[in-house]
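What follows is a single structure, written as structure tokens, with notes after it.
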2 protein chains.
Amino acid sequence: MGKLRVCINGYGTIGKRVADAVKLQEDMVVEGVVKTRADYSCELIRERGYPLYAASKESLESFKKANVKVEGLAEDLFKKCDVVVDCTPEGIGAKYKPVYDSIGVKAIFQGGEKHELVEASFVAEVNYEKALNKRFIRVVSCNTTGLSRTIGYLDKSFGVRKVRATIIRRGADPSETKKGPINALVPNPAKFPSHHGPDVQTILPHLEVVTGAVVTPTTLMHVHVVNAELKSDASVEDVVKCFSRSKRIRLIDAAKGLDSTAAIIEYARDLGRKRGDLPEVAVWSDSISVIGREVFYMQAVHQESIVVPENIDAVRAVTGSVVEGGKSVMLTNQSLGLI
Amino acid sequence: MGKLRVCINGYGTIGKRVADAVKLQEDMVVEGVVKTRADYSCELIRERGYPLYAASKESLESFKKANVKVEGLAEDLFKKCDVVVDCTPEGIGAKYKPVYDSIGVKAIFQGGEKHELVEASFVAEVNYEKALNKRFIRVVSCNTTGLSRTIGYLDKSFGVRKVRATIIRRGADPSETKKGPINALVPNPAKFPSHHGPDVQTILPHLEVVTGAVVTPTTLMHVHVVNAELKSDASVEDVVKCFSRSKRIRLIDAAKGLDSTAAIIEYARDLGRKRGDLPEVAVWSDSISVIGREVFYMQAVHQESIVVPENIDAVRAVTGSVVEGGKSVMLTNQSLGLI
């Protein structure tokens, strides 16, 4: 079997990371990336050797004006691929689906699209097999991915009866200068549950999950304060062991200085991670507490990168090129240098 | 009975507000305020007519150097008073206690001091009677006051079995320029429970309360995401009604634009509140949700002012000048223009 031909539609926060991650896979090739507008990243795309395609005829004009060479239109690219990783902004993926459908190319959407759009929502270590050989799946959002990873492992080990989680959101990504807040805490929304609870249920449908979310003036990571009622007894050590078995959960110690989202990102930079990314969900091991059958813990989610390895695994799942989720997770982690 | 002679030891964030609040009470007089150093606030103190006293002989020197007139030393003042409201920094109150004790003046400490230092910890609408005629009591911290007010009302109305709350803290007060974080979320601590849970139990000792806290780069208010398991059934309307009975809980609607801590403080400024304060705990009525016997809600706490009315009520309680808590709360609220 030849390499999987993958293209990336959209070259924003997720798309540019997925492209770089695909390039690192021995079983995949970046067949091309689709962009709407010419900007500084076109030169990076050229340097990295990714064939560039225009999203539409109007885009084509803007590339011509900017003197940027493109290989053709998005649809030309889609026809040459096994899988499109759709990294377009929220809601745009749904508009592209009929295009993918008529061309007959498989597609992986992001968490901005609705669960109803696809055959399965996806978190590699929780439900890889659900995505096997499907045409359309969705990698869930950063917060949902982070929650599903740890709750999924708790559920596998002890059974989970109920989850209550507070999501303390970053306000914007580091390069987003038009978003706030600058000095406020913003219930997002002032309602329970926030969309995250039901979204986790697209991955773990048998669980009761209630979430509330508040936005803060930070750019680095989200923080989750999680309470899970277990079905069986577990000690703090049992929970630590349970999380240690995951290849996408990184246990960190506040006591050793990793005591904030800023310290964690500094650590990712020290590790030499590209862009200072940390695709693992970081769980503060100091925070893991057990009271009766309830476990409490805090975790941090790097919103820009946590879904990147999931997208790589998703490519293998929908093509059926790797049948066993654990094997794909291992291949992806090795290529990206995770944990 | 003459007016209660009250002095305020410490003229920081809380002390200056308590002094202004005491001045507004018909049954109290500001006998004096104690300061350690001469700074811009000495002129404000003079303009407001509060007699100024030096904390120590060293302080006296600094006032002389700055050409600021003082009436004498702190101990001279304490001897003339019925009650000292101790608004000194965390831990300093404990050092003053033997002084108050030897002089025989009653004292009200703030939440930075330990529960063990005093005869009772205090939240006016929850346990006023516990402080009646005591010599030393403590007004609990801003977060504990906010939690105790709403949980106390839920407990009175429905019985509370268990509380789980996430405290999303402001990082510093608006005028504090040396504190962070600037761009990070900081578990504070990365442990359960944070001190707030046990602190609420000094007010509501029969409840199980687990809290976790995270600091954010904001200055305006704390936000609490609260989950309470009730002992009896309650609808959302029942909970709204329950909170409405409190004179220190203000129900607000995110849907009407009060959708962040910034919007709430803007509202307090629009109300013409002195310093833009909001001593009521603000509960987002939109956020009140009931799932089974669990109620979820979000509330905001103005850390600079929430304990101010409590300190006024505490003066009446320890002197026994008003025996019924509800009456003191009414007097205080009217004088401060609350709700």
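Just so you know, glycine gets a Cβ as well, placed from its N, Cα and C.
According to TrEMBL, the active site, nucleophile annotation covers B:Cys142. In the three-state DSSP classification, B:Cys142 (active site, nucleophile) falls within a helix. With a cut-off of 8 Å between CB atoms and residues at least 6 apart in sequence, the same chain places B:Gly111, B:His222, B:Val301, B:His302, B:Gln303, B:Glu304, B:Ile306, B:Val307 near B:Cys142 (active site, nucleophile), listed in sequence order.
Marked as NAD(+) binding site by TrEMBL: B:Thr13, B:Ile14, B:Gly112, B:Arg170, B:Gln303. The DSSP secondary structure for B:Ile14 (NAD(+) binding site) is helix.
Taken from TrEMBL, the feature D-glyceraldehyde 3-phosphate binding site applies to B:Ser141, B:Cys142, B:Asn143, B:His196, B:Gly197.
In the predicted model, the domain 'Glyceraldehyde 3-phosphate dehydrogenase NAD(P) binding' (B:4-142) has a mean pLDDT of 97. The domain 'Glyceraldehyde 3-phosphate dehydrogenase NAD(P) binding' annotation in TrEMBL covers B:4-142.
Neighbour list (B:Gly112 (NAD(+) binding site), Cβ cut-off 8 Å, at least 6 residues apart, same chain): B:Pro89, B:Glu90, B:Gly91, B:Gly93, B:Ser141. A sphere of 10 angstroms centred on the C-beta of B:Asn143 (D-glyceraldehyde 3-phosphate binding site) encloses 24 other C-beta atoms. Long-range C-beta contacts of B:Gly197 (D-glyceraldehyde 3-phosphate binding site), restricted to its own chain and to partners at least six residues apart, with a cutoff below 8 Å, comprise B:Val163, B:Ala165, B:Val209, B:Val210, B:Thr211.
B:Gln303 (NAD(+) binding site) falls within neither a helix nor a strand when secondary structure is assigned with DSSP, and so counts as coil. Of the chain residues outside the D-glyceraldehyde 3-phosphate site list B:Ser141, B:Cys142, B:Asn143, B:His196, B:Gly197, B:Gly111, B:Val140, B:Thr144, B:Thr145, B:Gly146, B:Leu147, B:Ile167, B:Ser194, B:His195, B:Asp199, B:Val200, B:Thr211 have their Cβ within 8 Å of the site's Cβ mean position.
In the three-state DSSP scheme, B:Arg170 (NAD(+) binding site) is classed as strand.
Rounded to a whole value, the Cα-Cα separation of B:Arg170 (NAD(+) binding site) and B:Asn143 (D-glyceraldehyde 3-phosphate binding site) is 11 Å. The secondary structure of B:Gly112 (NAD(+) binding site), as reduced to three states from DSSP, is coil rather than helix or strand.
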